Structure formats: C-alpha cells, structure tokens
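What TrEMBL lists as active site, nucleophile is C89. Residues or ranges marked as active site in TrEMBL: H206, E208.
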Amino acid sequence: MADVTVGIVVFPGSNCDHDTEYAVASFPGVKPVMLWHNDHDLKGCDAVILPGGFSYGDYLRCGSIARFSPLMREVIDFAGKGRPVLGICNGFQVLVESGLLEGALIRNAGRKFVSRQTTISVVNNATIFTDRYEKGEVLRVPVAHGEGNYYASPETIESLEANGQVAFRYTDAEGNATAEANFNGSMNNIAGIVNRQGNVLGLMPHPERASEKLLGSEDGRKLFESLFAHLAGA
Ligand SMILES: NC(=O)CC[C@H](N)C(=O)O
C-alpha cells in the first residue's frame, strides 16, 4: 500500500485521540499525524479523523464548542472538496454540530452514560468507509457515550434511508434492528451515517477500540481498511 497520512484532530478534552493514533498506526504504510484544534493547517493529510472524547467538557452540548475551533474551518473546507472525514463518537457529534452531517445527537434515552459492547450491522457497504464489509455484516463494537441518541426530522430520516446514507444500525446478533438493541433510543436504530456525497462518515461506536483481538473484537478494522485502501488507490 502506498504511504498515506491521516490527520487526527486533538481538541481540549479529546480522550480517544491516542487510541485512534494507535489503531491507525497498526496499518502498514499509514501514518497518523496529530493535528491541534487551534492550528489552521491540515498538514497535507489524505484524510481527517475527529476522535472521541469530551471536547470542551461537553459544555452546552457535546461537540457544540469544538465546532468553532479554528481547525474546523479547514476540516469543513476539506470535506467540501470531497476529501474523507471520519468522526467517531464525539467526532460524530462535532460533525453534526458543524453541519457536515444531518440531524442531531441528543441525550441517551434513559439519561445515562452508557459504556458497553454493542452489535451493529453494516447497512450500506458501498461507501469508501465500508466497502470491505459485507452488506448486513454484524459487528461487535463498543460504545461509551451520554449523547448518542440520533435524532432528525421524519423527512430527513426518510431521505437518509432513501439515499443509502445510513451506514450502520444497532441490531441484535442476527442483524435485526430490535428495540432492545437500540440502547440509546436512536431513530431507526441509526448508529452511523454518511453525507450525501459519501465522503463524511460519523458513527457513535468506536471502531478503534475494536481493532485487535486483545481488545475483544477486531470488527472495526475493516472500516479503517476500507478507507486506507481507498486513499492508497488500491
Ligand atoms: N466517547 C465519546 O466520544 C463520548 C462523547 C461524549 N462525551 C458523550 O458522552 O456523548
């Protein structure tokens, strides 16, 4: 695989930045580059990842202050040019607050922070982030969030579904989108979506925490593999 560089944006309060760096660095030919939120330069990276955490202490709403970080102007511009941007958990929240993805992430149904293993299914495997998965493949990927309840207007939900923008759904181990699997109350069991152009993905589960056997699951690896193969032109 040709060398690719992946920028990981560090906000004050990020706490999955180094987990993400570790996971990214485990792929041959892929170099993680840490990017400070207060800079203005994406340093020529081929893709940008907004990692999980508690940017700005989750004040107001998760991601709502991080969205105004100087580097986010560059990220919005980069995404507008069709370049790949991935937001994981708090990163997903920053993406919806920035308007790069539709909808909102509100308090979990049950009002509690939830940290646990989940099962999710690949709904759309025809994206640059998911094409190494089978359609309907069931993955074990952990979550840890307080505001992961995906919400949007019925019209938006309808268009996300119709356009194949739902990338992942919370399901049971058989791939059924049951109410029990939907622990945070997300509309249509939505765990991750892409933008209309397909170059921006946000998801609440943490693929970087499911990237090697020792962590209990490797099911998140193919997400990175899909993206990195795309970047390398493979
Ligand atoms: N792991 C995370 O990124 C958590 C995101 C955010 N702090 C929340 O609780 O919803």
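Our numbering is plain: 1 for the first residue shown, then up by one each step along the chain.
Using the three backbone atoms N, Cα and C, a Cβ is placed for every residue, glycine included.
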- Listed active-site residues are C89, H206, E208; which sit with C-beta under 6 angstroms of ligand 1? C89
- Non-local Cβ contacts of H206 (active site) (under 8 Å, 6 or more apart, same chain)? C16, D19, G52, I88, C89, V141, P142, V143, A144, G220
- Message: As a test of the contact definition, list every same-chain residue at least 6 positions from E208 (active site) whose Cβ is closer than 8 Å to its Cβ.
- Response: C16, D19, T20, Y22, A23, V24, P51, I88, G220, F224
- Message: Return the count of C-beta atoms lying within 10 angstroms of the C-beta of the residue listed as 'active site, nucleophile', excluding that atom itself.
- Response: 28
